[in-house]
Amino acid sequence: MFIVDSHCHLDALDYENLHKNISDVVEKAHARDVKHLLAIGVTLSRFEQAYDSLREFNNVSLACGVHPLDFEEEPYDAERLLRLAQDPKVIAIGEIGLDYYYSADNKAAQQAVFGSQIDIANQLDKPVIIHTRSAGDDTIAMLRQHRAEKCGGVIHCFTETMEFXKKALDLGFYISCSGIVTFKNAEAIREVIRYVPMERLLVETDSPYLAPVPYRGKENQPAYTREVCEYVATLKGVSAEAFAQITTQNFERLFKIRVE
């Protein structure tokens, strides 16, 4: 079985208590058939800091972008993002988007940074990885306004409504399932995942956050993508092996790579 963790924050895991190093994390994942990881950036400085420790892994791809909750950490620099994202190891622009749940007093600034990053993704022909929270209408509006259907992308860690999902699918976007789908109170999300065609689904951990059942409350890690894969496979009425193959093919199609 070959599973891809399509979204993890490898620089944020607990290397003091739980893991020796990134190689340890990658090996634990591989032992559970999670054989390719997409490591996500949230600021450009943090991306640069993590780059040297990640570039040596053939089974780890990178995404570079500025997260809506982190964009005020340093001045947004579109030229710097463009330069960093041209690296062939970088297969996506992300994680980018809008978050009004934690920060609603800077909507205009969030939107400006988000729009700029979609434009860069289109310029480079690399997909976008979208974070959206309490901002569904504006997220869809901006994806349309900036022609995000050209570069394509994924709604990561999906927690939105059926209406949002249909609009995202209409734009050609993929939907990614995280550990949240296993939570007891996530029936509305499960309903959407049942609706979404299997050819448009990805699986992820969003490590170190949102560990799936039975690890809920503990630090998440890429190895636990297997739990997400098995759970969603059952939801879709297929074997875990078949679902792993489908979601791996989806990952390759969206990000225009062959994984190893």
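Note: Cβ is positioned from N, Cα and C throughout, glycine not excepted.
Some features that Swiss-Prot has for this protein:
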| type | residues | note |
| --- | --- | --- |
| BINDING | His7, His9, Glu95, Asp206 | divalent metal cation 1 binding site |
| BINDING | Glu95, His131, His156 | divalent metal cation 2 binding site |
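Structural mapping of features recorded in Swiss-Prot.
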residue : record                               : Cβ neighbours (10 Å)
His7    : divalent metal cation 1 binding site : 28
His9    : divalent metal cation 1 binding site : 20
Glu95   : divalent metal cation 1 binding site : 27
His131  : divalent metal cation 2 binding site : 24
His156  : divalent metal cation 2 binding site : 27
Asp206  : divalent metal cation 1 binding site : 23
Beyond the listed site residues Glu95, His131, His156, identify every same-chain residue whose Cβ lies within 8 Å of the center of their Cβ atoms for the divalent metal cation 2 site. His7, Ile40, His67, Gly94, Ile96, Gly97, Ile129, Ile130, Thr132, Cys157
Would you list the other residues of this chain near divalent metal cation 1 - those whose C-beta lies within 8 angstroms of the C-beta centroid of His7, His9, Glu95, Asp206 - in sequence order? Cys8, Ile40, Ile129, His156, Cys157, Glu204, Thr205, Ser207, Tyr209
How far is it from His131 (divalent metal cation 2 binding site) to Glu95 (divalent metal cation 1 binding site), counting Cα to Cα, in Å? 6
For His156 (divalent metal cation 2 binding site), the close binding-site residues (Cα within 10 Å) drawn from His7, His9, Asp206 turn out to be His7, Asp206
What kind of secondary structure is Glu95 (divalent metal cation 1 binding site) part of, going by DSSP in three states? strand
